[in-house]
Amino acid sequence: MCGGFTCSKNALIALNILYVMVGFLLIGVGVYARAASIVTNLPIVGGILACGIILILISILGLAGAVKHHQVMLFFYMIILFLLFLIQFSIASSCLAVNSEQQQEFAEEGWNRVPASMHKQVQDTFLCCGFNSTNTTADESCELVNKQCCLGNSYDTNCQCPPCLPKLEDKINYAFKLCGGLGIFFSFTEVLAVFLARRYRNQNDPDYLPARAVFPHNYIY
C-alpha cells in the first residue's frame, strides 16, 4: 500500500538515486568544461564540481539510511538536506530577483576578476572588445579581433569592435533565470526528500520482530 513502509523506502531510494545521477551530471559538466577549455579559468567550474561531489555524498548517506532503516543516518540526512534546501532556495530566489542592472554589475565584477586570457577568449568568440563603453581594454588583446571587425573599413583609423556587454547581456540573463529555475525546482525535491525521510524514519519495519522475554511455563516465583 502506498504510504506504507515499503512505499516510503522505495520512494526515498529512488529519489536519492536521482540525486546521485544529477551529481554525476554536474561533475561531467565541470570536467567537460575543463577539457574543452571553454571556461577553464572561471571559479564556477570548481563550484560545479564541488556541488556534484557534495550531492553524491549526501545521496549515499540517504541511500544507506534508507536501505538499513538506520535512525541516526536518516536523522543527519534530514538535517543536512534541510540546510541545503535553505541555502539553495535563498540563492535561487536571489537569481530570479536580480534585475538587469544588478546582472551587469555582477558580470562586470566577474570580468574584472578573470585573467586577460579569459578576456581574449570571450572577445575572439563574440568579436567584441572590452566589457562596456566605460570599461574597455584597449590593449594587445583587442588588436587581432579589431582587425576582424574592421575588415573593409581600413580607411577608418578609429574602427574597433563593439563592447562585449550587449552581446553577452541576453546570455547572462538566461543564465541567471536558468540557475534560479533549476535551483527552485531541486530545492522543492529536497523538501520532499526530507518529508519522506521523516515519515520513513518513524515507521516500523514489518519484518522486524521486537525482542521479547520468554519465560518457561513452570517458572516458580
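Glycine too: its Cβ is placed from the backbone N, Cα and C atoms.
Pulled from TrEMBL, these are the features on record:
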- Cys128-Cys161: disulfide bond (DISULFID)
- Cys129-Cys149: disulfide bond (DISULFID)
- 12-32: transmembrane segment (TRANSMEM)
- 44-67: transmembrane segment (TRANSMEM)
- 74-92: transmembrane segment (TRANSMEM)
- 174-197: transmembrane segment (TRANSMEM)
Other parts of the chain folded back onto the transmembrane segment (74-92), taken as Cβ under 8 Å at six or more residues beyond its ends: 58, 61-62, 65-66, 179-184, 186-187, 190-191, 193-194, 197-198, 200-201
Alpha-carbon distance [Cys149 (disulfide bond); Cys161 (disulfide bond)] in Å: 6
Cys128, Cys129, Cys149, Cys161: which of these disulfide-bonded residues has the sparsest Cβ neighbourhood within 10 Å? Cys149
Measuring Cα to Cα, how many angstrom lie between Cys128 (disulfide bond) and Cys149 (disulfide bond)? 8
